[in-house]
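Undergrad: Below is a structure I'd like to ask you about.
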Amino acid sequence: MALKARALYNFQSENKEEISIQENEELVIFSENSLDGWLQGQNSRGETGLFPASYVEILRSRSGSNYTDYTVSPVGSPGHDSFYTASPNPGISYQGSFEDDDDDDWDDWDDACTVVEEPRSAPGTNGHPSPSLQYPSAYGHHQHAGYRPKPALERQDSMSSSKRGSVVGRNLNRFSCFVRSGVEAFILGDVPLMSKIAEAYCIEMGSKGPQWRPNPHPFICSVEDPTKQTKFKGIKSYISYKLTPSNINSPVYRRYKHFDWLYNRLLHKFTVISVPHLPEKQATGRFEEDFIEKRKRRLILWMDHMTSHPVLSQYEGFQHFLSCRDEKQWKLGKRRAEKDEMVGASFLLTIQIPTEHQDLQDVEDRVDAFKAFSKKMDDSVLQLTNVASELVRKHVGGFRKEFQKLGNAFQAISHSFHMDPPYSLDALNNAISHTGKTYETVGEMFAEQPKNDLFLMLDTLSLYQGLLSNFPDIIHLQKGAFAKVKESQRMSDEGRMDQEEADGIRKRCRVVGFALQAEMNHFHERRVADFKRMMQSYLKQQIIFYQRVSQQLEKTLRMYDNL
């Protein structure tokens, strides 16, 4: 039954599921049972959605007299928990992409689904799945098998402070990626330190700021020979790709679902890294030649970005993906990757940062500049994608038709000249007829040309649409960390927090800041190399194309020289 309530504080919505409320605003609560600290209701403007339970007080009526009196009832009482804690659900397997009792052959996964199904409720930037969807929703029925919630952890430093009631508050919006990624818990010291961390990723100071330490054993990997194969006596078909890493020079064969499994492990582990998106799936036409070729081209670009990234290229799961040839060893390595504990917020514990001091305001300014740059680049990449896609359509359709029309018109002229034989000049008629055929050939050349230049451009643009769509959430993590530092310093200045605890929050914020800057640095390095290569390839192919067109026209022109 609906209840009346009053807002205690202002709350500004951050997504479409929430609504904004103003202090002292009258609200209607649909149910007083909060869900992970959130209530659903309606504000005075008629908007319906979620808002923090701790921001409102419910007004209860007394019916034992001639007047109606409202008493205040707090929402944060037992049964109305104001804080989000993820608890294991015994009905869900948290093993990763496999259930514990899944003993199927690693090559027998169903083609029709991903290894870890992601919610598809809302597209992200440029139509790509939103990076934030890799994190499970606070609602239980949105959790998927790739997420392993952990029991509530005790504070490492803050709760041990003598000022227990003065710790930095948690974000009330438990749906934000800052919370769901675990970065908030890391900043506040809630991620327990491991006794032994086997992996370490170092950040160094370079000429343009923090950068990932290069992979000491760099390599590349080719993606070749997409081959259609069958099993179950031809009932099931799939495409396998031959992968040959340069460091071992021994090929392995992987299906798209194996790439998909790896991609989901990468998303689960590397919180502050922009993982390149895999080529899109397709429900029908998976075995058509054009689609297979397109997927191969884009997997080559994806693999190039993976092997060039100083952190992703060293990931044990990636190395296992590229090198394992034995089925039993594959299963063991796969399960080991799925049980990896250094994922999400815990991954931040593996990062070693320089000792150089960085002013947090300078870092924030640099992040803001990159945010503006990435937004502008995202818009311009989308614009160029639309223009190039339209140009492909014209090449395949409009241009070919127009040149065919022109060719037919020339041949019609030639045929008309044959109508009066005494005045007919066969050499001229044949030259005009050949001119018509030349323009028909040119039309076919235009139709085939996108395969040589525009397709490659669109492949690169698609890759960068995915990379750029990752950054808003990654930047949001840094912004959330900055906010916690400022809040902790203010509380320390007011004497409500030990300076030691505030310094701990600042130190952990430095880890997130250095990681984001290193990722920004790597993005720019790759951007310069990739767009240089893209533009050079496009212009070279354009020159070759128009030279071929010119040769066709010059050959035709010479037919008129000796008339």
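Placement of Cβ uses the backbone N, Cα and C atoms for every residue, glycine included.
Feature table excerpt (TrEMBL):
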| type | residues | note |
| --- | --- | --- |
| COMPBIAS | 123-135 | compositional bias 'Polar residues' |
| DOMAIN | 1-61 | domain 'SH3' |
| DOMAIN | 219-329 | domain 'PX' |
| REGION | 117-165 | region 'Disordered' |
Undergrad: May I have the DSSP-based helix, strand and coil counts for the residues of the domain 'SH3' (1-61)?
TA: 3 helix, 29 strand, 29 coil
Undergrad: Based on DSSP, tally up the residues of the domain 'PX' (219-329) by helix, strand and coil.
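TA: Summed over the domain 'PX' (219-329), the classes give 48 helix, 25 strand, 38 coil.
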Undergrad: Mean pLDDT across the domain 'PX' (219-329), rounded to an integer, is what?
TA: 90
